[in-house]
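Chemist: Let me begin by handing over the structure; questions about it come next.
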Amino acid sequence: ASRARDTTKEDGKEKLLRKRVRERDIRKLVSNLPYEGLEKMKQPNRHFPGNAIKTTKYTLLFFIPMNLFEQFHRLANIYFLGLAILNFVPVVNAFQPEVALIPICVILALTALKDGWEDFRRYQSDRKLNNTPCFIYCRKEQQFVERRWKDVRVGDFVKVICNEIIPADLLLLHTSDPNGVCHIETANLDGETNLKQRRVVPDLTVENGSLTFSCCREKPDNVKVGIGIESLLLRGCTVRNTDHTVGFVVYAGHETKSMLNNNGPRYKRSKLERKLNTDVIFCIILLFAMCLVGALGHFSWLQELPSVPPYLVPDSHGHLDSPALSGFYMFFTMIILLQVLIPISLYVSIELVKIGQVFFITNDIDLYDEESDTPMQCRALNITEDLGQIQYIFSDKTGTLTENKMVFRRCTVMGTEYPHCENGKASSSGKTDPYLDFFLALAICNTVVVSTATVRRQRVSAPFTVTLDGEERWRTKVGSFRQTISSWRPMSNRSRTSSNCSVLEEDHFNSLAKTGNCGGRKSTGPQTQDTSPSLRYEAESPDEAALVHAAKAYGFTLLARTPGSVTVRLPCGEELVFEVLDTLAFDSHRKRMSVLVRHPVTSELVLYTKGADYAIMELLGTPYAEQLKGKQKRIAADTQRHLDCYAKEGLRTLCFTKKVLSERAYKDWSVSRQGALAAIDNREKLIMDTAGLLETNLTLLGNTRVRIEDRLQESVPDTIVALREAGIQVWVLTGDKPETAVNIGYACRLLDEGDLVINMSSKNKVRRMLIFNTSFTQQSFLSALSSRSKSKRINQFFFCSVTAHFTEVRRYGNDPTGLAPTISLVIDGRTLAMALESDLVDRFVDLARRCRSVLCCRVTPLQKSAVVKVIREKLKVMTLAVGDGANDVNMIQAADVGIGISGQEGMQAVMASDFAISRFKHLKKLLLVHGHWCYTRLANMIIYFFYKNAYVNLLFWYQFFCGFSGTAMIDYWLMIFFNLFFTSAPPIMFGIMDKDVSAETLLGLPELYRTGQGTGEYKFSTFWTAMLDAFYQSLVCFFIPYWVYEDSDIDVFTFGTPLNTVSLFTILLHLSIEIKTWTVVHWVIMLGSVAVYFIVTLAYSAICVTCNPPSNPYWILQSQMADPMFYLTCIITTVLALLPRYPQYSHIYTSKHDTFAKHITYKPRSTQNPANDDSMEKKWCGGPESPLVHWTQNS
């Protein structure tokens, strides 16, 4: 016993030590090689978990108890289990105790089978993954030996071959690449198929065969140097274009990043499900009321008896319960008898219906994109009906509404604008000039990974293409770079007017000379041929790929990229190898990236920087800053003018700059840079700060017009118009400039010509208040100025601005003539941040909900999700968010329904979404057709389930004729079969396949979608109408047979058989009236249910003589079917029971027909397509007819 206590104490200490080791901020690891072969307690890394994973929830031994425990978290299952147990109490049981267990056991068994199958599939996946082969270094054999993933431990050395998946989180120690680079594909983690580079950890210290790491590496002088993500290979990634790599295991199993991020499927509760729970509570209240009536009725009946009747049998002591106690017991007996009023099978039926709905959605050929071979994906199976209740859509712009296919169109170099034509190859001199630097920046300043097309990739990739602007092609690709520049025709300022600042597309390059030189040397050989193997550029973003391809089109070909160098071939064929001293990666705060290189010809230290225009211009000083003088000021001003015009055309613009550093400045900066890289705490912030120190006083080279075939996607305007007609508010949230976003807004018909556009911007607040706000009085202005706090003054200004805009919006909205123009709102990110503050958010929401369109520009990902949350919570509406990139993930997850588009920005949005589509136009059919169908089907099916289960009212009416004794006139087995088998399949079929309106009608009349918005078809009144209808039908189904067989000598079950048969016919014919579209499946299931009823009942009546003693159902249905009165009773009762449904159905049909006729004659107020209107661009370049200018002048 003492030894056992000591063992238990040691185990407790070991567990506590293991927990403390895992919770340490700094993890210290030791190689397992010196301890190979020793027992587990002597292993230094024994506290860390192994690499085997287990995602299953159950084990074979404990499956039943664990699954039952999980199922009984549902209150409905606990309720029915309690009733089944209650039926075992003799004083309150309503029928045989064993029979009461059948319904709950069937439901639990079906759910357990489903859960067991899903868990078995997870077990198979885990087993396959854990037994995947890998190579682990063995000290005894002095080589890598084949093992399984489950054998990998923290501290092992693992070798990964090309195209194999990494088994654990590894610290990269060695690669077959001489530059120490490993290329990986992270598609299994974030959906990105582009290659990423990882670098070997430099200067490892090896002492006595032991390698020591603590999230850093120790130099020989004991200085700890931090190691970042650039040296970490994550589990689940695939090694590409690298023969082999060797890594040190730092995290294994469930501690790896991929497993920590794997939280399993997200569960969302649909709006319909929340309403359903409320109605279940109403059913419980109704059930208790009926049971209370039964208990009081039984008490009154016993009280009125003159003497004790012989059928009341006393207990063994000859004692009879008092009427009050008997009434109390009868309350529980009635609960058992009428328990079917609560639909026990409803939840299982809903899951089956949703699975069927998902099947039809995913197999819709109209939602399949043939170009990308991408089908529709349903990643959340439990919110399909929410697609039919959407009221607000929040959409990204780039890649969601637009193609996001980057094509280099035009550029501005040194303040002069030039067009672009594909295949424009030019030779270059070795010395530098602004034009050469510009194209070198295009080729160098990026993170594009170069691979050859011959390298086998186990996936399909489509290379980027460069689209022609002009009609003519260069027939010769050889020429002098300076001749090329001189042959460019700059865009004339006279071609730009205040009414049209678009760039003329018909400008082309002139033909080049057929001969050229390179650095003064005449080039020899065929310079137009590219003798290098076909190159594939793996870019993390499409704009980087477009720039590299554009540089290649002009002869500046990116050949190779390593951590220490970049190789570029010039147009003359000469290859330059630039030494890369540092790369300042792009981040969302700086909005730019830089590459510091040493020029191979001049040996200068050159910093090339590219980024968003507003981020770069701030580093130059504004175009009107005093520190820019002379030529630089003119270049910046001209470039800014070009940027503004590009933005108004809906184009993405990037600025390129150059900075030459002295050796001393670089050395001084390098010290702080190395300190930031070596830091362990706040490493990311320190690295960002050092980047900001270098990116100052930049020299502007030019900017590019990288056209995002911002050209809209196909059918986007039609889709937005249809969604609006369906009563859905469409908001666009984008990070682009207001001019770009507004231009796209007009093109996609988010904004119309006649709209009054409110442009809310936080720049020049005081002047804007005085110009725009009619209600911004002098008193309020002086009051705001008197505020001591600057932020308070700004908030007061903004409050007055929102108040003025709100007043104007309300005035236009209350126009009795109905001729007032619709109002749209354009707001930038800075103003939006102020609007979302607690003291202003209510007025902003009130203002925005009165606008037909809202366009948010320059917003961050967090602001996108904040807007969605505010609208959802303040207005209590159903929201949908759609996006295609990683910056849309927060917005997608914040909405009630998140939709990801599998476009050019990777798969992060798809992986975080509930549904995934490939084109924005698919949203139209997904919502207007499938959303409408899913909601109406499920809503009607749930209402029908509540109606069907009111079948137990027959038992309630019978209690008035049996002294409220809890007796049933229908055999208990047939009662159970009635709900489980006879009437279960038709409503499921109804919920999966019914179509109240055809797809063509729903697409042609989007207004029909409005029936699901707000309260929708599943209303409080609809539920109670169905319950009252069920009560009426139960009265008819009970009393007509009662009057037919009154004063006859039939037994109880003979009376109950026509009741059961009539109820079946009434319930099925009621459903037949509700079904709008009949197919072969409908006929088979409906007729099959009737056939099953008669076959089972006839067999039961013939075989089961003593199944339910002391009753005897023998040959009852056979005798009834030989009596003509049985058929006459069934026909008359069924017709009378359904009689109120006929005029109601006729009224519904007539009203819908009128609605269709009304919408068919409906014509939109404006059918003009703004995308084809030439005056649209004039309005946003300062034209006097601009809606925004018109609003400003009137304000």
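Positions of Cβ are set from backbone N, Cα and C atoms, glycine also.
What TrEMBL says about a protein is an automatic prediction, not a curated fact.
Quick paste of what TrEMBL says about this protein:
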type     : residues                                                                                                       : note
BINDING  : ASP396, THR398, ASP884, ASP888                                                                                 : Mg(2+) binding site
BINDING  : ASP396, LYS397, THR398, GLU544, PHE586, LYS610, ARG652, THR734, GLY735, ASP736, ARG858, LYS864, ASN887, ASP888 : ATP binding site
COMPBIAS : 524-534                                                                                                        : compositional bias 'Polar residues'
DOMAIN   : 910-1142                                                                                                       : domain 'P-type ATPase C-terminal'
REGION   : 515-535                                                                                                        : region 'Disordered'
TRANSMEM : 75-93                                                                                                          : transmembrane segment
TRANSMEM : 99-117                                                                                                         : transmembrane segment
TRANSMEM : 276-301                                                                                                        : transmembrane segment
TRANSMEM : 328-350                                                                                                        : transmembrane segment
TRANSMEM : 958-982                                                                                                        : transmembrane segment
TRANSMEM : 1023-1044                                                                                                      : transmembrane segment
TRANSMEM : 1050-1071                                                                                                      : transmembrane segment
TRANSMEM : 1083-1105                                                                                                      : transmembrane segment
TRANSMEM : 1125-1142                                                                                                      : transmembrane segment
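Help me understand the surroundings of these features in the structure.
Modeler: Of all the Cβ atoms in the protein chains shown, 31 others lie within 10 Å of the Cβ of ASP884 (Mg(2+) binding site).
Long-range contacts of the transmembrane segment (75-93) within its own chain (CB-CB distance under 8 A, at least 6 residues past either end) are made by residues 100-101, 103-104, 107-108, 280, 321, 329-330, 332-333, 335-336, 339, 342, 344, 347.
Cβ atoms under 8 Å from those of the transmembrane segment (1023-1044) belong to residues 279, 282, 286, 943-944, 946-948, 950-951, 953-954, 956-958, 961, 1055, 1058-1059, 1062-1063, 1066, 1070, 1125, 1129, 1132-1133, 1136-1138, 1140-1141 of the same chain, restricted to positions at least 6 beyond its ends.
Same-chain residues lying 6+ beyond the ends of the transmembrane segment (1083-1105) with a Cβ under 8 Å from its Cβ atoms: 971, 973-974, 977, 981-983, 985-986, 989, 1057, 1060-1061, 1064-1065, 1068, 1071-1072, 1112-1118.
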Chemist: Can you name the binding-site residues among PHE586, GLY735, ARG858, ASN887 whose CA is within 10 A of the CA of THR398 (Mg(2+) binding site)?
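Modeler: Within 10 Å of THR398 (Mg(2+) binding site): GLY735.
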Chemist: I need the nearest neighbour of ASP888 (Mg(2+) binding site) among the binding-site residues PHE586, GLY735, ARG858, using C-alpha distances.
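Modeler: With Cα distances computed to ASP888 (Mg(2+) binding site), the winner among PHE586, GLY735, ARG858 is GLY735.
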Chemist: Mind checking which residues of the chain, 6+ beyond the ends of the transmembrane segment (276-301), have their Cβ under 8 Å from one of its Cβ atoms?
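Modeler: Apart from its flanks, the transmembrane segment (276-301) reaches 76, 323-324, 326-328, 330-335, 338-339, 341-343, 346, 942, 946, 956, 959-960, 963-966, 1023, 1027.
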Chemist: When each of 99-117, 328-350, 1050-1071, 1125-1142 is checked against the transmembrane segment (958-982) for Cβ pairs under 8 Å, which one has the most?
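Modeler: Counting Cβ pairs under 8 Å, the winner is 1050-1071.
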Chemist: Which whole-number mean pLDDT does the model give the domain 'P-type ATPase C-terminal' (910-1142)?
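Modeler: A mean pLDDT of 90 is what the model gives the domain 'P-type ATPase C-terminal' (910-1142).
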Chemist: I'd like to know if the transmembrane segment (328-350) touches the transmembrane segment (1050-1071) in this structure, counting it as a touch only when three or more C-beta pairs sit under 8 Å and are separated by 6 or more positions.
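Modeler: No, the transmembrane segment (1050-1071) and the transmembrane segment (328-350) are not in contact.
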Chemist: Give residue numbers and ranges for long-range contacts of the transmembrane segment (328-350): same chain, 6 or more residues beyond its ends, CB-CB under 8 A.
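Modeler: Result: 74, 76, 79-80, 83, 86-87, 89, 91-95, 100, 103-104, 107, 110-111, 273, 276, 280, 283-284, 286-288, 290-292, 294-295, 298-299, 321, 938, 941-942, 945-946, 948-952, 955-956, 959, 964-966, 968, 975, 979-980, 984, 987-988, 991.
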Chemist: Rounded to a whole angstrom, what is the C-alpha distance between ASP396 (Mg(2+) binding site) and GLY735 (ATP binding site)?
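Modeler: Cα to Cα, ASP396 (Mg(2+) binding site) and GLY735 (ATP binding site) are separated by 9 Å.
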Chemist: Taking the Cβ of GLY735 (ATP binding site) as reference, which residues of that chain separated by at least 6 in sequence fall under 8 Å from it?
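Modeler: Listed in sequence order: THR398, GLY829, CYS857, ARG858, VAL859, THR860, ASN887.
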Chemist: How many Å separate the Cα atoms of ASP884 (Mg(2+) binding site) and PHE586 (ATP binding site)?
Modeler: 20
